[in-house]
Amino acid sequence: MLKTVLMPSPSKCSLMAKRDQDWSPNQLRLDILDQNARDADPRGTGFDYAEEFQELDLDAVKADLEELMTSSQDWWPADYGHYGPLFIRMAWHSAGTYRTTDGRGGASGGRQRFAPLNSWPDNANLDKARRLLWPIKKKYGRKLSWADLIVLAGNHAIESMGLKTFGWAGGREDAFEPDEAVDWGPEDEMEAHQSERRTDDGELKEPLGAAVMGLIYVDPEGPNGNPDPLASAENIRESFGRMAMNDEETAALIAGGHTFGKVHGADDPEENLGDVPEDAPIEQMGLGWENDYGSGKAGDTITSGIEGPWTQAPIEWDNGYIDNLLDYEWEPEKGPGGAWQWTPTDEALANTVPDAHDPSEKQTPMMLTTDIALKRDPDYREVMERFQENPMEFGINFARAWYKLIHRDMGPPERFLGPDAPDEEMIWQDPVPDVDHDLIGDEEVAELKTDILETDLTVSQLVKTAWASASTYRDSDKRGGANGARIRLEPQKNWEVNEPAQLETVLATLEEIQAEFNSARTDDTRVSLADLIVLGGNAAVEQAAADAGYDVTVPFEPGRTDATPEQTDVDSFEALKPRADGFRNYARDDVDVPAEELLVDRADLLDLTPEEMTVLVGGLRSLGATYQDSDLGVFTDEPGTLTNDFFEVVLGMDTEWEPVSESKDVFEGYDRETGEQTWAASRVDLIFGSHSRLRAIAEVYGADGAEAELVDDFVDAWHKVMRLDRFDLE
């Protein structure tokens with residue numbers, strides 16, 4: 001007989017202490033960089049997912065998924081006897097959080113399992129979808145990540161219901177904690193409608209991608225809950241555009257996704273649904289949205305509050321969605337869940353859909369305001385009419401757009417695993433040419449570094465060019481970086497932050513060295529401009545260290561190639577243009593976010609730790625590598641020499657700092673004894689003396705005798721940034 005042991009009620013007390021951030025809400029957050037510094041994976045640092053994945057029998061996994069999808073479970077019955085539509089929604093909502101503005105979100109990491117995503121209203125009841133998958137995840141263990149399984153389940157569901165997909169690639173490693181770096185919006189409550197999410201011009205603020213907090217894209221009822229299709233079309237275009245989807249891809253995705261399944265609103269969600277998973281009682285074991293309406297499942301399911309199917313065959317791929325949308329007229333009404341939805345005015349569609357659970361019942365198709373938007377907006381309608389006339393084109397476009405959706409955050413194809421990945425090179429993957437020559441060795445590297453240092457280029461110019469090339473990398477979606485030398489192409493060559501006139505001079509000099517070297521070779525050894533840009537930065541760092549009395553060699557791995565304009569989507573790369581780069585003391589004039597916050601954001605995208613960020617800023621300042629050669633933060637009488645002068649000044653008490661203006665973006669430093677102005681600084685510079693944690697790190701490098709440690713740590717951090725995109729070396 002089981003014995004019940006009474007435990008204290010969780011409502012009586014809590015041993016969970018307040019965080020420092022709770023006491024000091026304006027404190028600069030470094031926890032997003034701490035995530036880069038620690039390994040939360042319980043399998044340890046030696047775990048190699050790619051190696052484990054190679055042992056996976058993918059066909060066996062898909063067979064298991066097929067059996068699961070067609071085996072309805074009593075605890076959560078499948079609509080129409082098939083879990084395919086539920087799995088498609090799960091995969092879509094996992095990948096659909098991706099936004100191009102900062103590359104964050106997306107399916108990698110499988111973070112739909114964690115707060116806040118697991119408790120978003122738009123993800124209601126997806127906890128059941130993941131719980132259905134647990135036996136498969138349990139079976140394959142470390143060979144198959146949650147991140148891959150979630151997407152694979154949705155991809156195979158499409159094939160199970162009749163459409164051949166474009167392919168699928170594995171390689172998404174699991175995270176074991178939420179990504180604290182993602183800014184989901186300013187709201188304090190889910191689905192709040194407020195202007196703070198938008199600029200004065202009505203545009204979504206960067207880096208946001210969703211129109212409403214807690215929704216993947218837009219409000220299905222229409223903006224602010226108003227059934228206005230044309231206004232909805234504007235929101236759709238903006239939100240999907242932030243995900244790098246054009247009108248054709250957007251229309252294909254919505255039409256294809258809504259070809260399957262139904263929405264659930266048997267009654268009002270607010271009156272019937274319990275707490276979200278993160279707030280639900282412990283005995284619910286991680287499941288949320290407990291439904292007290294009827295049976296709480298099957299025909300009584302409540303998710304969004306909108307109720308009904310789109311087509312007459314909800315688990316078959318066909319043109320039913322497009323035909324219903326375009327061939328019939330629709331009018332708005334409040335459904336049984338109290339939400340706006342659209343019903344056909346033509347009685348011919350009434351009761352034409354089998355009920356999802358009761359074969360004796362029939363339902364009438366419905367549409368969302370976001371569906372009607374595809375009919376009312378002239379540009380979307382043009383695409384939809386073309387798809388209606390050419391069903392095969394519709395299928396191909398959906399398959400390709402779906403593939404892009406679920407792989408957009410994975411980076412280049414070198415990271416893709418498995419036999420189902422297509423061979424086709426797609427421009428949104430930022431392709432670079434294969435290496436078609438022998439690579440330079442140590443002798444050639446030394447020769448080229450000498451050639452570079454014998455030019456008129458300065459340490460600052462070489463360092464800034466290499467940094468500008470490599471620091472476009474975003475670990476969020478594995479885009480950017482030095483490989484490809486796209487800094488010489490549009491749009492990067494004309495970005496303000498890259499100082500186009502100076503950049504042109506540096507690149508011309510390096511291209512001349514490249515041409516002379518390659519033409520002089522009698523063998524197949526060649527050097528790319530991409531490699532030469534990095535090598536120039538390395539040579540400058542070595543020279544700066546030597547001038548400070550330290551003999552160092554910056555590691556260098558050749559093998560980068562030079563991308564062509566045809567391999568470069570100019571509009572796509574505009575998303576990589578930094579709002580600010582605190583490492584160069586640069587910020588756009590229109591930026592209203594504190595510079596130190598943007599520094600941490602940039603450091604996170606570069607996968608840096610607080611220590612690496614600190615040593616890079618201090619080192620770059622000593623090298624004089626600032627935007628437009630500004631004296632902001634260059635606290636040294638010997639710019640171009642790798643010293644710890646920056647830290648000595650920022651930590652010392654000889655200088656008193658005063659803001660230049662009310663905005664407190666720029667500061668002047670005055671000698672406390674003489675009153676003479678000695679230095680100028682940005683917020684990025686002063687944060688290393690102001691912030692307690694950063695000051696503690698800075699003190700390591702600012703101490704007497706610490707310069708050698710600074711040089712070594714700077715070289716390590718510099719090398720890390722230079723090779724962040726070298727997936728070919730992994």
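Using the three backbone atoms N, Cα and C, a Cβ is placed for every residue, glycine included.
Per Swiss-Prot, these features apply:
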type: ACT_SITE; residues: H93; note: active site, proton acceptor
type: BINDING; residues: H258; note: heme b binding site
type: SITE; residues: R89; note: site 'Transition state stabilizer'
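Cβ neighbours of R89 (site 'Transition state stabilizer') (same chain, under 8 Å, six or more residues apart in sequence): L126, A129, G154, G257, G261. In the structure shown, the C-beta of H258 has more C-beta neighbours within 10 angstroms than that of any other entry among the recorded positions H93, H258.
The residue listed as 'active site, proton acceptor' falls within a helical segment according to DSSP.
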